[in-house]
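Novice: Grabbed the feature section from TrEMBL, which reads as follows:
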BINDING   ARG19, LYS20, GLN21, TYR22, LYS78, TYR135, ARG139, SER143, ARG204, LEU205, HIS206  substrate binding site
BINDING   73-78, 88-89, 94-95, GLN117, 152-153, TRP198, ARG208  FMN binding site
DOMAIN    47-166  domain 'Pyridoxamine 5'-phosphate oxidase N-terminal'
DOMAIN    185-226  domain 'Pyridoxine 5'-phosphate oxidase dimerisation C-terminal'
Amino acid sequence: MTAHDSVYSGPVPDPAAMRKQYRAEGLDEAELAATPVEQFARWFKDAAVEAHLFEPNAMVVSTADAEGRPSSRTVLLKQFDEQGFVFYTNYESRKGRDLAANPYVSLLFPWHPMARQVIVRGAARRTGRDETAAYFRSRPHGSQLGAWASGQSSVIAGRAELDASYAELVARYPEGERVPVPPHWGGFRVVPESVEFWQGRENRLHDRLRYVARADGTWSVERLAP
Ligand SMILES: Cc1cc2nc3c(=O)[nH]c(=O)nc-3n(C[C@H](O)[C@H](O)[C@H](O)COP(=O)(O)O)c2cc1C
């Protein structure tokens, strides 16, 4: 079987004909939590525990380079609290370089099976080295080596280069051996400036409630037209 073999041999589905009716229950100002992080916690719990979504912590991270050219990719959220939303990556990757030049970022959680999305906008800063090291140590040995093996986002000659690099690392740091934290690897904490909660509803009359940070650290909430 090659990558292009498939049991299905019919036509390619037409995306324009794909139309779902979303649920009737909405999201009301009166039921919102006091902070967007608390509201996020509620919805994250719904996504993980009630809807059993696959990887509800997967989010689309959009960055822009110094010239304002955007790029997006999926990344896993690893922590969230009133300090912000944390993910880990390679600081020399495209996103790492973008964020060094322009810290503004958008995080989008696409919880389609629940007709929900959450969009966090804010600025990213690197997590401290102690925090990064603590998280790095919690990762499986193979993932720790993977962070060393890959010069994320650089062009490589072929798969063999990656496998050879990994094999070298396995020889140097066998299972049980302490793997140092790569200096080019670590976390970003996104401090939210606005967080939008989107609930799909019937007839495209969706609810969109957006928390916006005030200078004194409190939040205002505004409703956006769908
Ligand atoms: C489900 C999923 C989870 C991912 N999680 C991460 C992650 O936590 N950190 C990361 O650096 N890349 C993660 N990736 C890979 C990124 O999407 C991306 O390929 C990589 O970070 C390089 O992106 P860049 O070249 O735009 O910087 C994930 C990809 C998928 C599909």
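Cβ coordinates come from backbone N, Cα and C, glycine included.
Note that the structure is a prediction, hence the values are computed from the model and not measured.
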Novice: Which three-state DSSP class does ARG208 (FMN binding site) fall into?
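Specialist: DSSP assigns ARG208 (FMN binding site) to strand.
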Novice: Taking only the binding-site residues ARG19, LEU77, GLN117, ARG139, HIS206, which have a CB closer than 6 angstroms to any atom that belongs to ligand 1?
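Specialist: If the test is a Cβ under 6 Å from any atom of ligand 1, the answer is none.
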Novice: Tell me the coarse DSSP state (helix, strand, coil) of ARG94 (FMN binding site).
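Specialist: The three-state answer is helix.
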Novice: Taking Cα atoms as reference points, rank the binding-site residues ARG73, TYR88, SER153 by distance from ARG139 (substrate binding site) and give the first.
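Specialist: Closest candidate to ARG139 (substrate binding site), judged by Cα separation, is TYR88.
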Novice: Would you find the one among the binding-site residues ARG73, ARG204 whose Cβ has the most company, meaning other Cβ atoms within 10 Å?
Specialist: ARG73
Novice: Given the substrate binding site residues ARG19, LYS20, GLN21, TYR22, LYS78, TYR135, ARG139, SER143, ARG204, LEU205, HIS206 in the record, what is the largest Cα to Cα distance, rounded to whole Å?
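Specialist: Site span for substrate, by Cα atoms: 44 Å.
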Novice: Spatially, which candidate from the binding-site residues ARG19, GLN21, LYS78, ARG204, HIS206 is nearest to GLN117 (FMN binding site), comparing Cα atoms?
Specialist: HIS206
Novice: I'm trying to understand the geometry here, so how far is the Cα atom of ARG19 (substrate binding site) from the Cα atom of TYR88 (FMN binding site), in Å to the nearest whole number?
Specialist: 35
Novice: Give the sequence-ordered list of residues that share a chain with LEU77 (FMN binding site), lie 6 or more positions from it, and have CB atoms under 8 Å from its CB.
Specialist: ASN57, ALA58, MET59, PHE85, VAL86, PHE87, LEU107, PHE109
